[in-house]
Structure formats: C-alpha cells, structure tokens
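Read through the structure below, which is laid out as structure tokens, and then see the notes.
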C-alpha cells in the first residue's frame, strides 16, 4: 500500500477505495466532462476594459488570445488523451522535463484555482447585493463556504451534473483588452485535471477536447462581439460602473444594455443566472485545487496525510486546505469587494499564463522524446509543433507585462504590483530550492518514459469498460426489444 501511495501518479481504474482510503474514483462521464465552467469574468468584468480599447480592440484581443487557447488545447489533448492520469500536466512536467519543474507546476496550478475560489465567493456576495443590502457580507461568505464543503465532500460524484445546470492610446487600450481576455478565457486545463477520474478516457477525452474549440468561439469570441455591439465604449452608464461599481450584475454590460433599452425584468433574470454561474465556477475550482494538491501529496511532494480519502473517494484534507485559502474572501469585509476582486484578478491571471507556459514547454519535450508515432495517439492536434512554439512564446511574454498599468504615470499600486509579479519571483526560487535539495537533473529526451505501467492499467480498464458496456447494451436490447 505504501508503494502505491508513493507512486508518481494516481490512476483510478476501479470504483473501489482501499482500507486507508487513498484513492479518488473514476466517475466522470463524457456528458459531465463536456461541462464548461463560466464564472464572473464573462458576464460582469468583461465590459470593464471596453472604454479603454473600444469594440475593435476588444474583439481583436479575444480573437487573438483564443488562438493561444486553442494551441494550448492541442498540446494538452495529445498528452492527456494518451496518458489520462490525474493532474496530468503536473506529472508530465515531472516526467518529461525535470522533477523540480513538476514541483513548481504543481504549486502554481494549485494556487490558480485555489485563489479563484475566494474570487468567486467575493463576486457572489456582490451579486446578492443586487437585490438587497440587508444580508451581512460575512453571512453570505459563510453560507457559500459551507455549500462548497458539502458539494465537494458529500456529493462529488455529481460534480459534472451540477455544473451543467481611448484613454492611454491604441496599444495600451489593446493591452487592457488582452489582459481581460487572458483572465476571462480558460478551459482545457480544467478538462485535463479530471482525466484521472474520467470513464473510458481514451474515447471521452478526445471528444471533450475537440469541444473546446466550439466553446471558445461561442462563449468568448461571440461574447466579446456581443458586448461591442450592445454598448458603445463611451456609454455613460458603463463609465459610471467603472468608477463606482454597482452591486450584482449592475456593472454587467448586458444589464446596462437592457437598462438602456428600458427592459425591466431581464436584469433580475440575468443577475440570477450570473449568481448560479459564479457559484458553479467556485465549486469547480475547489474540485480542481483539491485534486492538484492530492496528486502532489501522492508524489511525496507534500505531507502524506493529504493523500487520505473518504470512502467516497474524496481527498478530505486537500479539500480542507483549499477551503482555508477560500477564507481570503473575508478580506472584502475590511477592504471592499471591488478592491479585493482586483487583487485576485491580478494574481490568477499571472498563475494562469504561467500554467500555459509550463504546458507548452512540457509538450515540446513530449513531442520530441523517443519519436512516438503520432498515428498511435488517440488525439492528434493540427499544426504541431508550430502551435506549441506559438503558444510558448506568447505565454512567456505575457506574465512580465501583465501588471503594466502600475508603471504608468500616477498609477503606482504596491498591492497590485505584489499580486501581479510575486509569483514570477517565487516560482524560480522554489525551483532552485527543490533542485538543490533533491539534486534533480533535466531528463534527456532518450530517457523520458511515458507512464508505461499506468497506460497498461488504463488499457485493461478500457477493455473491461467496453466489455461491460456491451453486456449492458445487450441486456437493454433484450428488455426493450
């Protein structure tokens, strides 16, 4: 049992929990994996930069960054569909590049969704106040925290089901829009994070990753186009919302457009939908952060007690650590909701882009290691490795210019600078510390291994899965006729 806990990756091929409870469950079907988490950014914050860049730069920024997202999706889809394990690109960085890089990838990916949890809770409290100011901020935070704990500890198997339900010049204006696009657009990293708990992964994951292209187009590009059409960048209500944020969806460009057209009921409907979306997004971030922490513990990179799971396959202590970070939502009680949201945006945008840079570099190692025939892969992304070079170049540049606004005359903000750039300095330090303590080396391409034991187990699982499905289908045909 100890050897299993110390293995480099976790592969869940049976819905069985050991006596010590050290395994999560295979329980995510293709229907659940196709769920798309959309949070606050797309509905509320998406309009904040429209006055800075105008509709042209706004749409162009989203189209431009969507190409980076699709390139990242190509890279993850190839690796994860062939080797569907939990927190895959963390393990891939460890196995294909350097264990020290894998450690940094794990810390960074854990921080990304973990910080988004208090961000969504803060936004949820803002949405509630669209209707009433009588509910204390602390009470809203406590209720949401309790709901997240319940959903992630007691009913995690329904995770997927529940989710379903002109100012500074043209260049700076475009940069403002681009950074909003960076923060708003996400997806393939969360699909990959559930790979180790997907049913029939070699079949379901390629289909799920292919759906990312459509979702990026529909939700993000068309969303940016809609905002540019609905509202002029000089709209007085939008300008007022930027200087004095309104509660709930009151700052949403969609709601402002409805109010401009004197539509009385729809703003309340939109606010309710946004509230549900925010809550759903926060729940998914708890799931992803806890799984990232769990896999790092499973690899002996964090204390062993974090590998403990409940009988339902929930890494209970990992969920607990994630919820401790979620307590940062209480910062809004003293500092104000809008200010705290801005802090979280700065930090999460930086960690997100660094995640993508790690994925891109890891994919290059995967692509060139030992000449794996691309015809043998369940998913084969187009235009590789050129897509990856493109994504790698842009994701290496973006973190260094993400906090550019603080360097503009009269805009210095120490807190924003701290949240924008601290992670860029911390990760190299962690990398060097881990490398020195464990004396790790860059893995030569000829020595890269591809999780052979795990792939064999997955092959066996898929064979039995298809067999069981065939028996079930035969029984259904016999009963139904």
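Each residue, glycine too, has its Cβ placed from N, Cα and C.
Unlike curated entries, TrEMBL annotations are predicted automatically.
Checked against TrEMBL, the range among 212-233, 234-255, 454-475 recorded as transmembrane segment is 212-233. Sequence-distant residue pairs (6 or more apart) of the transmembrane segment (314-331) and the transmembrane segment (109-131) include at least 3 whose Cβ atoms are under 8 Å, placing the two stretches in contact.
Listed stretches 212-233, 343-368, 389-410 were compared with the transmembrane segment (416-437); the greatest number of C-beta pairs under 8 angstroms is found for 343-368. Cβ atoms under 8 Å from those of the transmembrane segment (212-233) belong to residues 36, 38, 42, 46-47, 50-51, 53-56, 58-59, 61-63, 66, 69-70, 73, 77, 166, 181, 184-185, 187-188, 191, 253-254, 256-257, 260 of the same chain, restricted to positions at least 6 beyond its ends.
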